[in-house]
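A quick write-up on the structure given underneath.
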Amino acid sequence: MSDYDLIIIGSGPGGYVAAIRAAQLGMKVACVEGRETLGGTCLNVGCIPSKALLHASHMLHEAEHNFAEMGLKGKSPSVDWPQMLKYKQSTVDTNTKGIEFLFKKNKVDWIKGWATIPEAGKVKVGDDIHSAKNIIIATGSEPAPLNGVEIDEKVVVTSTGALALGKVPKKMVVIGAGVIGLELGSVYSRLGTEVTVVEFLDHVTPGMDAEVSRQLQKMLTKQGLNFVMGAAVQKTEASKSKAKVTYKLRKDDSEHVLDADVVLLSTGRRPYVDGLGLDALNVAMTERGQIAVNDKWETSVKGIYAIGDVIEGPMLAHKAEDEGMAAAESIAGQHGHVNYSLIPGVIYTHPEVANVGETEETLKAAGRAYKVGKFSFMGNARAKANFAGDGFVKLLADKDTDRILGCHIIGPAAGELIHEICVAMEFGASAQDLAMTCHAHPTFSEAVREAALACGDGAIHM
Ligand code: FAD
Ligand code: NAI
(Lines of atoms letter the chains of each structure in order from A and count residues from 1; the text may use other names and numbers.)
(Lines give C-alpha, C1' and ligand atoms only; values in the text may rest on other atoms or scores of the structure.)
(Ligands and ions follow the chains in the order given, each with its own letter.)
Protein backbone atom coordinates (compact mmCIF):
# COMPACT_ATOMS: atom_id res chain seq x y z
CA MET A 1 0.00 0.00 0.00
CA SER A 2 1.27 3.51 -0.82
CA ASP A 3 1.96 6.06 1.90
CA TYR A 4 0.14 8.65 -0.20
CA ASP A 5 -2.24 8.92 -3.13
CA LEU A 6 -0.24 11.91 -4.34
CA ILE A 7 3.12 13.49 -3.52
CA ILE A 8 3.82 16.90 -4.99
CA ILE A 9 7.39 18.17 -5.26
CA GLY A 10 7.52 21.95 -4.83
CA SER A 11 5.12 24.21 -2.95
CA GLY A 12 4.89 27.18 -5.34
CA PRO A 13 1.52 28.30 -6.79
CA GLY A 14 1.47 25.15 -8.94
CA GLY A 15 2.35 22.71 -6.17
CA TYR A 16 0.39 24.11 -3.24
CA VAL A 17 -2.78 24.60 -5.30
CA ALA A 18 -2.53 21.02 -6.65
CA ALA A 19 -2.09 19.78 -3.06
CA ILE A 20 -5.15 21.60 -1.74
CA ARG A 21 -7.36 20.61 -4.69
CA ALA A 22 -6.24 16.94 -4.43
CA ALA A 23 -7.00 16.93 -0.70
CA GLN A 24 -10.43 18.48 -1.37
CA LEU A 25 -11.05 15.62 -3.80
CA GLY A 26 -10.36 13.07 -1.05
CA MET A 27 -6.74 12.11 -1.74
CA LYS A 28 -4.08 11.57 0.90
CA VAL A 29 -1.53 14.19 -0.06
CA ALA A 30 2.00 15.31 0.83
CA CYS A 31 3.96 18.22 -0.55
CA VAL A 32 7.78 18.24 -0.42
CA GLU A 33 9.47 21.63 -0.13
CA GLY A 34 13.20 22.23 0.26
CA ARG A 35 12.92 25.91 1.14
CA GLU A 36 12.38 26.95 4.78
CA THR A 37 8.92 28.32 3.92
CA LEU A 38 6.06 27.31 1.63
CA GLY A 39 4.88 29.26 -1.41
CA GLY A 40 7.74 28.83 -3.89
CA THR A 41 9.35 31.57 -5.95
CA CYS A 42 6.09 33.49 -6.16
CA LEU A 43 5.48 34.06 -2.47
CA ASN A 44 9.09 34.15 -1.28
CA VAL A 45 11.16 35.90 -3.95
CA GLY A 46 8.78 36.71 -6.81
CA CYS A 47 5.27 38.07 -7.22
CA ILE A 48 4.59 39.00 -3.62
CA PRO A 49 7.78 40.77 -2.44
CA SER A 50 8.06 42.60 -5.77
CA LYS A 51 4.48 43.85 -5.49
CA ALA A 52 5.08 45.03 -1.91
CA LEU A 53 8.06 47.12 -3.06
CA LEU A 54 6.12 48.35 -6.11
CA HIS A 55 3.29 49.47 -3.82
CA ALA A 56 5.53 51.26 -1.33
CA SER A 57 7.59 53.01 -4.00
CA HIS A 58 4.42 53.98 -5.89
CA MET A 59 3.09 55.67 -2.74
CA LEU A 60 6.30 57.71 -2.59
CA HIS A 61 5.96 58.62 -6.26
CA GLU A 62 2.38 59.80 -5.68
CA ALA A 63 3.46 61.88 -2.69
CA GLU A 64 6.29 63.49 -4.66
CA HIS A 65 4.38 64.11 -7.87
CA ASN A 66 0.66 64.43 -7.24
CA PHE A 67 -0.05 65.27 -3.61
CA ALA A 68 0.60 69.01 -3.82
CA GLU A 69 -1.73 69.42 -6.78
CA MET A 70 -4.52 67.75 -4.83
CA GLY A 71 -3.99 70.21 -1.99
CA LEU A 72 -2.00 67.81 0.17
CA LYS A 73 0.87 70.03 1.23
CA GLY A 74 3.95 69.26 3.33
CA LYS A 75 7.26 67.51 3.04
CA SER A 76 7.24 64.31 0.96
CA PRO A 77 8.15 61.20 2.98
CA SER A 78 11.77 60.05 2.92
CA VAL A 79 12.80 56.44 2.35
CA ASP A 80 13.57 54.25 5.37
CA TRP A 81 14.93 51.30 3.39
CA PRO A 82 15.36 48.81 6.29
CA GLN A 83 11.73 49.47 7.27
CA MET A 84 10.57 49.03 3.66
CA LEU A 85 12.35 45.67 3.58
CA LYS A 86 10.67 44.73 6.88
CA TYR A 87 7.28 45.62 5.41
CA LYS A 88 8.11 43.52 2.32
CA GLN A 89 9.17 40.58 4.50
CA SER A 90 6.11 40.76 6.72
CA THR A 91 3.93 40.65 3.58
CA VAL A 92 5.84 37.54 2.46
CA ASP A 93 5.60 35.95 5.93
CA THR A 94 1.84 36.43 6.24
CA ASN A 95 1.36 34.80 2.85
CA THR A 96 3.73 31.85 3.39
CA LYS A 97 2.19 31.21 6.84
CA GLY A 98 -1.18 31.34 5.11
CA ILE A 99 -0.20 28.35 2.95
CA GLU A 100 0.97 26.48 6.07
CA PHE A 101 -2.48 27.13 7.57
CA LEU A 102 -4.23 25.92 4.41
CA PHE A 103 -2.11 22.74 4.38
CA LYS A 104 -3.12 21.99 7.98
CA LYS A 105 -6.77 22.79 7.27
CA ASN A 106 -6.79 20.43 4.27
CA LYS A 107 -4.63 17.76 5.98
CA VAL A 108 -1.79 18.07 3.48
CA ASP A 109 1.51 16.81 4.97
CA TRP A 110 4.50 19.08 4.43
CA ILE A 111 7.61 16.94 3.99
CA LYS A 112 10.59 19.24 4.57
CA GLY A 113 13.67 18.73 2.39
CA TRP A 114 14.82 18.27 -1.20
CA ALA A 115 13.20 15.43 -3.12
CA THR A 116 14.56 12.91 -5.61
CA ILE A 117 12.50 10.41 -7.57
CA PRO A 118 14.41 7.11 -7.44
CA GLU A 119 11.66 5.35 -9.41
CA ALA A 120 8.03 5.94 -10.41
CA GLY A 121 5.88 5.78 -7.29
CA LYS A 122 8.74 6.67 -4.90
CA VAL A 123 9.99 10.00 -3.55
CA LYS A 124 13.20 10.18 -1.52
CA VAL A 125 13.73 13.03 0.94
CA GLY A 126 16.89 12.76 3.04
CA ASP A 127 17.08 9.12 4.13
CA ASP A 128 13.33 8.57 3.92
CA ILE A 129 11.60 7.00 0.97
CA HIS A 130 7.87 7.73 0.63
CA SER A 131 5.61 5.87 -1.75
CA ALA A 132 2.83 7.47 -3.77
CA LYS A 133 0.37 6.33 -6.42
CA ASN A 134 1.07 9.53 -8.31
CA ILE A 135 3.73 12.24 -8.25
CA ILE A 136 3.48 15.82 -9.50
CA ILE A 137 6.69 17.72 -10.24
CA ALA A 138 6.18 21.42 -9.56
CA THR A 139 9.77 22.52 -9.03
CA GLY A 140 9.47 25.85 -10.84
CA SER A 141 12.23 27.87 -12.43
CA GLU A 142 15.47 29.76 -11.78
CA PRO A 143 17.10 32.79 -13.41
CA ALA A 144 18.73 31.87 -16.71
CA PRO A 145 22.46 32.68 -16.77
CA LEU A 146 24.03 35.00 -19.37
CA ASN A 147 27.52 34.44 -20.79
CA GLY A 148 30.05 36.85 -19.28
CA VAL A 149 27.81 37.81 -16.36
CA GLU A 150 28.75 36.33 -13.00
CA ILE A 151 26.10 36.59 -10.31
CA ASP A 152 27.18 37.33 -6.71
CA GLU A 153 23.70 38.47 -5.50
CA LYS A 154 25.30 41.61 -3.99
CA VAL A 155 26.61 43.76 -6.84
CA VAL A 156 25.56 41.64 -9.82
CA VAL A 157 22.17 40.29 -8.84
CA THR A 158 19.16 38.37 -10.09
CA SER A 159 15.66 39.40 -8.99
CA THR A 160 16.26 37.53 -5.71
CA GLY A 161 19.21 39.77 -4.78
CA ALA A 162 17.43 42.86 -6.11
CA LEU A 163 14.59 42.28 -3.63
CA ALA A 164 17.00 42.38 -0.68
CA LEU A 165 19.73 44.92 -1.43
CA GLY A 166 21.68 46.30 1.55
CA LYS A 167 20.90 49.85 0.47
CA VAL A 168 19.22 51.78 -2.31
CA PRO A 169 21.92 52.04 -5.02
CA LYS A 170 22.82 55.33 -6.70
CA LYS A 171 23.18 53.75 -10.13
CA MET A 172 21.66 50.53 -11.41
CA VAL A 173 22.01 48.83 -14.79
CA VAL A 174 19.21 46.44 -15.66
CA ILE A 175 19.99 43.84 -18.34
CA GLY A 176 16.76 43.00 -20.19
CA ALA A 177 13.61 45.12 -20.59
CA GLY A 178 11.24 42.27 -19.79
CA VAL A 179 8.77 42.02 -16.93
CA ILE A 180 11.30 41.71 -14.09
CA GLY A 181 13.56 44.44 -15.44
CA LEU A 182 10.74 46.97 -15.83
CA GLU A 183 9.02 46.19 -12.51
CA LEU A 184 12.17 46.22 -10.37
CA GLY A 185 13.72 49.00 -12.45
CA SER A 186 10.60 51.06 -11.64
CA VAL A 187 10.93 50.33 -7.91
CA TYR A 188 14.51 51.63 -7.72
CA SER A 189 13.93 54.53 -10.08
CA ARG A 190 11.10 55.74 -7.81
CA LEU A 191 13.38 55.38 -4.79
CA GLY A 192 15.92 57.73 -6.40
CA THR A 193 18.29 55.33 -8.22
CA GLU A 194 19.52 56.30 -11.68
CA VAL A 195 18.32 53.28 -13.67
CA THR A 196 19.54 52.34 -17.15
CA VAL A 197 17.89 49.41 -18.90
CA VAL A 198 19.94 47.69 -21.61
CA GLU A 199 17.79 45.65 -24.00
CA PHE A 200 18.82 43.40 -26.88
CA LEU A 201 15.74 44.09 -29.02
CA ASP A 202 14.45 47.43 -30.31
CA HIS A 203 11.36 47.32 -28.10
CA VAL A 204 10.54 46.50 -24.49
CA THR A 205 8.52 43.46 -23.30
CA PRO A 206 8.71 41.19 -26.36
CA GLY A 207 5.48 39.50 -27.39
CA MET A 208 3.33 42.37 -26.19
CA ASP A 209 1.10 44.45 -28.52
CA ALA A 210 3.58 46.78 -30.25
CA GLU A 211 1.58 49.98 -29.60
CA VAL A 212 1.33 49.22 -25.88
CA SER A 213 5.02 48.36 -25.75
CA ARG A 214 5.95 51.74 -27.32
CA GLN A 215 3.62 53.62 -24.97
CA LEU A 216 5.03 51.81 -21.91
CA GLN A 217 8.61 52.67 -22.84
CA LYS A 218 7.60 56.29 -23.43
CA MET A 219 5.89 56.55 -20.05
CA LEU A 220 8.72 54.88 -18.16
CA THR A 221 11.22 57.20 -19.87
CA LYS A 222 9.11 60.15 -18.69
CA GLN A 223 9.33 58.70 -15.18
CA GLY A 224 13.13 58.81 -15.38
CA LEU A 225 14.24 55.35 -16.56
CA ASN A 226 16.93 55.38 -19.27
CA PHE A 227 16.85 52.86 -22.10
CA VAL A 228 19.65 51.58 -24.32
CA MET A 229 17.91 49.57 -27.04
CA GLY A 230 19.32 47.13 -29.59
CA ALA A 231 22.27 46.39 -27.33
CA ALA A 232 23.85 43.01 -26.56
CA VAL A 233 25.54 42.81 -23.18
CA GLN A 234 29.00 41.26 -23.50
CA LYS A 235 30.16 41.04 -19.90
CA THR A 236 30.06 42.49 -16.41
CA GLU A 237 33.10 43.12 -14.21
CA ALA A 238 32.41 43.59 -10.54
CA SER A 239 34.45 44.68 -7.53
CA LYS A 240 33.13 44.67 -3.96
CA SER A 241 30.73 47.56 -4.47
CA LYS A 242 30.84 48.61 -8.14
CA ALA A 243 30.41 47.04 -11.55
CA LYS A 244 31.03 47.78 -15.20
CA VAL A 245 28.69 46.54 -17.90
CA THR A 246 30.04 46.23 -21.44
CA TYR A 247 27.58 46.11 -24.31
CA LYS A 248 27.70 46.28 -28.11
CA LEU A 249 25.13 48.22 -30.13
CA ARG A 250 23.73 45.85 -32.73
CA LYS A 251 23.37 48.53 -35.41
CA ASP A 252 27.11 49.36 -35.67
CA ASP A 253 28.86 46.86 -33.39
CA SER A 254 30.30 49.74 -31.32
CA GLU A 255 31.29 48.84 -27.77
CA HIS A 256 30.19 50.88 -24.73
CA VAL A 257 30.64 50.64 -20.97
CA LEU A 258 28.25 51.62 -18.18
CA ASP A 259 29.18 52.03 -14.50
CA ALA A 260 26.81 50.84 -11.80
CA ASP A 261 26.56 50.17 -8.08
CA VAL A 262 24.23 47.27 -8.82
CA VAL A 263 23.56 45.28 -12.00
CA LEU A 264 20.30 43.34 -12.30
CA LEU A 265 20.30 40.41 -14.70
CA SER A 266 16.74 39.86 -15.93
CA THR A 267 17.00 38.12 -19.28
CA GLY A 268 14.60 35.30 -18.58
CA ARG A 269 14.16 32.21 -16.40
CA ARG A 270 14.62 28.50 -17.10
CA PRO A 271 12.96 25.37 -15.69
CA TYR A 272 14.49 24.01 -12.48
CA VAL A 273 14.86 20.22 -12.36
CA ASP A 274 18.21 19.81 -10.59
CA GLY A 275 18.55 16.77 -8.35
CA LEU A 276 15.22 15.17 -9.27
CA GLY A 277 16.90 12.29 -11.13
CA LEU A 278 14.85 12.73 -14.30
CA ASP A 279 17.60 11.42 -16.62
CA ALA A 280 17.73 8.05 -14.89
CA LEU A 281 13.94 7.87 -15.07
CA ASN A 282 13.99 8.66 -18.79
CA VAL A 283 11.48 11.48 -18.44
CA ALA A 284 11.13 13.11 -21.89
CA MET A 285 12.14 16.78 -22.08
CA THR A 286 11.42 19.45 -24.70
CA GLU A 287 14.23 21.06 -26.71
CA ARG A 288 14.04 24.04 -24.36
CA GLY A 289 14.72 21.98 -21.23
CA GLN A 290 11.11 21.82 -20.05
CA ILE A 291 9.48 18.60 -18.89
CA ALA A 292 7.27 17.32 -21.74
CA VAL A 293 3.66 16.55 -20.73
CA ASN A 294 0.47 15.40 -22.45
CA ASP A 295 -2.95 17.08 -22.19
CA LYS A 296 -3.42 15.61 -18.71
CA TRP A 297 -0.05 16.98 -17.52
CA GLU A 298 1.36 13.45 -17.40
CA THR A 299 5.04 13.02 -18.38
CA SER A 300 6.41 10.20 -20.51
CA VAL A 301 6.59 8.13 -17.29
CA LYS A 302 3.22 6.83 -16.10
CA GLY A 303 2.14 8.25 -12.76
CA ILE A 304 4.55 11.21 -12.89
CA TYR A 305 3.00 14.56 -13.76
CA ALA A 306 4.48 18.06 -14.15
CA ILE A 307 3.00 21.57 -13.92
CA GLY A 308 3.95 25.24 -13.71
CA ASP A 309 7.21 26.91 -14.77
CA VAL A 310 8.87 23.53 -15.25
CA ILE A 311 6.70 22.79 -18.32
CA GLU A 312 5.91 24.71 -21.49
CA GLY A 313 3.92 27.97 -21.51
CA PRO A 314 4.13 31.38 -19.88
CA MET A 315 5.99 31.41 -16.56
CA LEU A 316 3.13 32.88 -14.55
CA ALA A 317 1.78 32.06 -11.11
CA HIS A 318 -1.86 31.90 -12.23
CA LYS A 319 -0.97 29.55 -15.11
CA ALA A 320 0.80 27.28 -12.59
CA GLU A 321 -2.23 27.46 -10.25
CA ASP A 322 -4.67 26.54 -13.03
CA GLU A 323 -2.50 23.59 -14.01
CA GLY A 324 -2.24 22.56 -10.35
CA MET A 325 -6.01 22.39 -10.01
CA ALA A 326 -6.51 20.70 -13.38
CA ALA A 327 -3.77 18.08 -12.87
CA ALA A 328 -5.21 17.14 -9.46
CA GLU A 329 -8.66 16.85 -11.03
CA SER A 330 -7.29 14.68 -13.86
CA ILE A 331 -5.58 12.36 -11.35
CA ALA A 332 -8.91 12.11 -9.50
CA GLY A 333 -10.54 10.96 -12.74
CA GLN A 334 -12.23 14.28 -13.45
CA HIS A 335 -11.85 16.43 -16.54
CA GLY A 336 -9.15 18.95 -15.56
CA HIS A 337 -9.10 21.88 -17.95
CA VAL A 338 -6.90 24.93 -18.65
CA ASN A 339 -7.80 27.37 -21.42
CA TYR A 340 -4.31 28.29 -22.59
CA SER A 341 -5.60 30.88 -25.06
CA LEU A 342 -7.06 32.95 -22.22
CA ILE A 343 -4.22 33.43 -19.74
CA PRO A 344 -3.92 37.12 -18.91
CA GLY A 345 -0.55 38.80 -18.50
CA VAL A 346 -0.03 41.80 -16.24
CA ILE A 347 2.98 44.05 -15.71
CA TYR A 348 2.71 45.92 -12.41
CA THR A 349 4.48 49.10 -13.48
CA HIS A 350 2.74 52.45 -13.18
CA PRO A 351 0.58 52.50 -15.14
CA GLU A 352 -0.15 48.81 -15.19
CA VAL A 353 -0.17 46.90 -18.44
CA ALA A 354 -2.48 43.97 -19.07
CA ASN A 355 -3.28 41.77 -22.01
CA VAL A 356 -5.21 38.69 -23.01
CA GLY A 357 -5.73 36.85 -26.29
CA GLU A 358 -4.48 37.87 -29.71
CA THR A 359 -2.39 40.94 -30.57
CA GLU A 360 -2.69 42.89 -33.82
CA GLU A 361 0.63 41.32 -34.79
CA THR A 362 -0.56 37.71 -34.27
CA LEU A 363 -3.83 38.42 -36.10
CA LYS A 364 -2.01 39.97 -39.07
CA ALA A 365 0.37 37.01 -39.19
CA ALA A 366 -2.62 34.65 -39.23
CA GLY A 367 -4.30 36.71 -41.99
CA ARG A 368 -7.43 37.15 -39.88
CA ALA A 369 -9.68 40.15 -40.53
CA TYR A 370 -10.20 42.15 -37.33
CA LYS A 371 -11.35 45.53 -36.10
CA VAL A 372 -9.90 47.71 -33.36
CA GLY A 373 -11.85 49.60 -30.71
CA LYS A 374 -9.58 51.99 -28.87
CA PHE A 375 -10.38 54.34 -26.03
CA SER A 376 -8.00 56.69 -24.24
CA PHE A 377 -8.19 57.06 -20.45
CA MET A 378 -8.15 60.84 -21.17
CA GLY A 379 -11.86 60.39 -21.89
CA ASN A 380 -12.47 58.67 -18.56
CA ALA A 381 -13.53 60.98 -15.74
CA ARG A 382 -12.24 58.79 -12.91
CA ALA A 383 -8.82 58.41 -14.55
CA LYS A 384 -8.52 62.16 -15.05
CA ALA A 385 -9.35 62.82 -11.39
CA ASN A 386 -6.62 60.34 -10.39
CA PHE A 387 -3.91 61.77 -12.71
CA ALA A 388 -4.15 58.52 -14.67
CA GLY A 389 -5.31 59.73 -18.09
CA ASP A 390 -2.21 58.52 -19.96
CA GLY A 391 -2.97 55.16 -21.49
CA PHE A 392 -5.69 53.36 -23.38
CA VAL A 393 -7.81 50.25 -23.80
CA LYS A 394 -7.51 48.48 -27.14
CA LEU A 395 -10.08 45.82 -27.94
CA LEU A 396 -9.67 43.51 -30.93
CA ALA A 397 -12.74 41.84 -32.42
CA ASP A 398 -13.40 39.65 -35.45
CA LYS A 399 -14.32 41.88 -38.40
CA ASP A 400 -17.27 39.73 -39.45
CA THR A 401 -18.62 38.09 -36.29
CA ASP A 402 -17.66 40.86 -33.78
CA ARG A 403 -16.38 38.17 -31.41
CA ILE A 404 -13.74 39.53 -29.02
CA LEU A 405 -10.28 38.20 -29.92
CA GLY A 406 -8.00 40.07 -27.54
CA CYS A 407 -7.53 43.11 -25.35
CA HIS A 408 -4.54 45.28 -24.43
CA ILE A 409 -4.72 47.85 -21.66
CA ILE A 410 -2.17 50.34 -20.43
CA GLY A 411 -3.59 52.47 -17.70
CA PRO A 412 -4.99 52.56 -14.16
CA ALA A 413 -5.90 49.17 -12.63
CA ALA A 414 -5.28 47.46 -15.98
CA GLY A 415 -4.52 44.24 -14.10
CA GLU A 416 -8.04 44.26 -12.64
CA LEU A 417 -9.86 45.51 -15.74
CA ILE A 418 -8.55 42.70 -17.94
CA HIS A 419 -10.63 40.06 -16.16
CA GLU A 420 -13.89 41.45 -17.51
CA ILE A 421 -12.49 40.65 -20.96
CA CYS A 422 -11.30 37.19 -19.86
CA VAL A 423 -14.83 36.32 -18.70
CA ALA A 424 -16.37 37.81 -21.85
CA MET A 425 -14.00 35.82 -24.06
CA GLU A 426 -14.54 32.63 -22.04
CA PHE A 427 -18.25 32.98 -22.87
CA GLY A 428 -17.56 33.80 -26.53
CA ALA A 429 -18.95 37.34 -26.19
CA SER A 430 -18.99 39.90 -28.99
CA ALA A 431 -17.78 43.49 -28.60
CA GLN A 432 -21.43 44.49 -28.82
CA ASP A 433 -22.32 42.27 -25.82
CA LEU A 434 -19.77 44.21 -23.81
CA ALA A 435 -20.89 47.55 -25.22
CA MET A 436 -24.51 46.81 -24.22
CA THR A 437 -23.55 45.96 -20.62
CA CYS A 438 -24.18 48.78 -18.15
CA HIS A 439 -20.95 49.88 -16.40
CA ALA A 440 -21.01 51.95 -13.21
CA HIS A 441 -19.94 55.58 -13.34
CA PRO A 442 -17.37 56.87 -12.57
CA THR A 443 -15.13 53.82 -12.91
CA PHE A 444 -12.04 52.92 -14.95
CA SER A 445 -14.13 50.02 -16.30
CA GLU A 446 -16.13 52.48 -18.38
CA ALA A 447 -13.04 52.79 -20.60
CA VAL A 448 -13.35 49.08 -21.40
CA ARG A 449 -16.98 49.53 -22.41
CA GLU A 450 -16.08 52.59 -24.49
CA ALA A 451 -13.44 50.52 -26.34
CA ALA A 452 -16.20 47.98 -27.06
CA LEU A 453 -18.47 50.80 -28.28
CA ALA A 454 -15.60 51.98 -30.49
CA CYS A 455 -15.69 48.55 -32.19
CA GLY A 456 -19.25 49.38 -33.30
CA ASP A 457 -20.95 52.75 -33.87
CA GLY A 458 -18.42 54.70 -31.83
CA ALA A 459 -17.35 55.61 -28.32
CA ILE A 460 -19.35 58.31 -26.54
CA HIS A 461 -16.65 60.24 -24.70
CA MET A 462 -14.05 60.42 -27.47
P1 FAD B 1 7.82 27.94 -8.01
O2 FAD B 1 6.98 29.02 -7.47
O3 FAD B 1 9.17 28.29 -8.55
O4 FAD B 1 7.99 26.88 -6.83
C5 FAD B 1 8.80 25.77 -6.94
C6 FAD B 1 9.21 25.31 -5.56
O7 FAD B 1 9.77 24.01 -5.66
C8 FAD B 1 10.28 26.16 -4.90
O9 FAD B 1 9.85 26.62 -3.64
C10 FAD B 1 11.48 25.24 -4.75
O11 FAD B 1 12.20 25.44 -3.53
C12 FAD B 1 10.82 23.86 -4.73
N13 FAD B 1 11.68 22.79 -5.19
C14 FAD B 1 12.42 22.73 -6.32
N15 FAD B 1 13.04 21.55 -6.43
C16 FAD B 1 12.70 20.83 -5.33
C17 FAD B 1 13.03 19.55 -4.87
N18 FAD B 1 13.81 18.71 -5.57
N19 FAD B 1 12.53 19.16 -3.67
C20 FAD B 1 11.73 19.96 -2.93
N21 FAD B 1 11.37 21.20 -3.34
C22 FAD B 1 11.84 21.63 -4.52
N23 FAD B 1 4.09 35.58 -11.90
C24 FAD B 1 2.87 36.16 -11.93
O25 FAD B 1 1.91 35.54 -12.38
N26 FAD B 1 2.67 37.42 -11.43
C27 FAD B 1 3.70 38.15 -10.92
O28 FAD B 1 3.48 39.28 -10.48
C29 FAD B 1 4.99 37.57 -10.89
N30 FAD B 1 6.02 38.26 -10.38
C31 FAD B 1 7.25 37.67 -10.35
C32 FAD B 1 8.32 38.41 -9.85
C33 FAD B 1 9.59 37.87 -9.82
C34 FAD B 1 10.73 38.67 -9.26
C35 FAD B 1 9.79 36.52 -10.26
C36 FAD B 1 11.15 35.89 -10.19
C37 FAD B 1 8.74 35.78 -10.76
C38 FAD B 1 7.47 36.35 -10.82
N39 FAD B 1 6.38 35.66 -11.35
C40 FAD B 1 5.15 36.26 -11.39
C41 FAD B 1 6.51 34.29 -11.85
C42 FAD B 1 6.02 33.29 -10.78
O43 FAD B 1 6.75 33.48 -9.60
C44 FAD B 1 6.18 31.87 -11.28
O45 FAD B 1 5.54 31.72 -12.53
C46 FAD B 1 5.56 30.89 -10.29
O47 FAD B 1 6.16 31.00 -9.04
C48 FAD B 1 5.71 29.45 -10.81
O49 FAD B 1 5.15 28.58 -9.88
P50 FAD B 1 5.62 27.06 -9.74
O51 FAD B 1 4.71 26.45 -8.76
O52 FAD B 1 5.75 26.45 -11.08
O53 FAD B 1 7.10 27.11 -9.15
P1 NAI C 1 11.52 38.21 -19.86
O2 NAI C 1 11.53 37.06 -20.77
O3 NAI C 1 10.24 38.85 -19.49
O4 NAI C 1 12.43 39.37 -20.47
C5 NAI C 1 13.78 39.19 -20.80
C6 NAI C 1 14.25 40.38 -21.64
O7 NAI C 1 15.67 40.31 -21.73
C8 NAI C 1 13.69 40.37 -23.05
O9 NAI C 1 13.23 41.65 -23.36
C10 NAI C 1 14.90 39.98 -23.90
O11 NAI C 1 14.85 40.51 -25.19
C12 NAI C 1 16.03 40.59 -23.08
N13 NAI C 1 17.36 40.01 -23.31
C14 NAI C 1 17.66 38.70 -23.50
N15 NAI C 1 19.00 38.56 -23.65
C16 NAI C 1 19.54 39.80 -23.55
C17 NAI C 1 20.89 40.30 -23.61
N18 NAI C 1 21.93 39.51 -23.81
N19 NAI C 1 21.10 41.62 -23.44
C20 NAI C 1 20.03 42.46 -23.24
N21 NAI C 1 18.74 42.03 -23.17
C22 NAI C 1 18.51 40.72 -23.32
O23 NAI C 1 12.33 37.71 -18.58
P24 NAI C 1 12.37 38.26 -17.10
O25 NAI C 1 12.05 39.70 -17.03
O26 NAI C 1 13.68 37.79 -16.57
O27 NAI C 1 11.20 37.47 -16.38
C28 NAI C 1 11.23 36.03 -16.30
C29 NAI C 1 9.86 35.48 -16.16
O30 NAI C 1 9.28 35.83 -14.92
C31 NAI C 1 8.93 35.97 -17.25
O32 NAI C 1 8.70 34.89 -18.13
C33 NAI C 1 7.68 36.37 -16.58
O34 NAI C 1 6.61 35.60 -17.05
C35 NAI C 1 7.90 36.07 -15.08
N36 NAI C 1 7.52 37.29 -14.35
C37 NAI C 1 6.22 37.70 -14.40
C38 NAI C 1 5.82 38.87 -13.78
C39 NAI C 1 4.41 39.31 -13.91
O40 NAI C 1 3.58 38.52 -14.32
N41 NAI C 1 4.08 40.55 -13.54
C42 NAI C 1 6.77 39.69 -13.02
C43 NAI C 1 8.11 39.18 -13.06
C44 NAI C 1 8.45 38.01 -13.68
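From the backbone N, Cα and C atoms, a Cβ is placed for every residue, glycine too.
No curator has checked TrEMBL annotations; they are predicted automatically.
Around His441 (active site, proton acceptor), a 10 Å sphere centred on its CB holds 10 further CB atoms from the protein chains shown. Among the features that TrEMBL reports, active site, proton acceptor is placed at His441.
If you draw a 10 Å sphere around the CB of Leu316 (FAD binding site), it holds 19 other CB atoms from the protein chains shown. Residues annotated as FAD binding site in TrEMBL: Lys51, Thr139, Gly140, Ser141, Asp309, Met315, Leu316, Ala317, His318.
Listed in sequence order, Val197, Val198, Glu199, Phe200, Leu265, Ser266, Thr267, Gly268 are the same-chain residues six or more apart from Gly176 (NAD(+) binding site) with CB atoms under 8 A from its CB. Taken from TrEMBL, the feature NAD(+) binding site covers Gly176, Ala177, Gly178, Val179, Ile180, Gly181, Leu182, Glu183, Glu199, Gly268.
The disulfide bond annotation in TrEMBL covers Cys42-Cys47. The secondary structure of Cys47 (disulfide bond), as reduced to three states from DSSP, is helical. Cys47 (disulfide bond): 21 other CB atoms within 10 A of its CB, across all protein chains.
Annotation comment: TrEMBL describes 343-452 as domain 'Pyridine nucleotide-disulphide oxidoreductase dimerisation'.
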> Quick one, of the binding-site residues Gly140, Gly178, which Cβ has the fewest other Cβ within 10 Å?
Replying inline: Gly178
> Per 10 Å Cβ neighbour count, which of the recorded positions Cys42, Ile180, Leu182 ranks highest?
Replying inline: Leu182
>> I'd like to verify something. Among the binding-site residues Lys51, Gly176, Ile180, Leu316, which ones have a C-beta closer than 6 angstroms to some atom of ligand 2?
In response: Gly176, Ile180, Leu316
>> I need the least crowded one of these binding-site residues (Glu199, Asp309), counting other C-beta atoms within 10 angstroms of each C-beta.
In response: Glu199
> Under a threshold of 6 Å between Cβ and any atom of ligand 1, which of the recorded positions Gly176, Gly178, Leu182, Glu199, His441 are retained?
Replying inline: none
>> Quick check for the class: what is the C-alpha distance, in angstrom and rounded, between Leu182 (NAD(+) binding site) and His318 (FAD binding site)?
In response: 20
> Out of Cys42, Gly178, Ile180, the recorded positions in the record, which is closest to Leu316 (FAD binding site) when you go by Cα distance?
Replying inline: Cys42
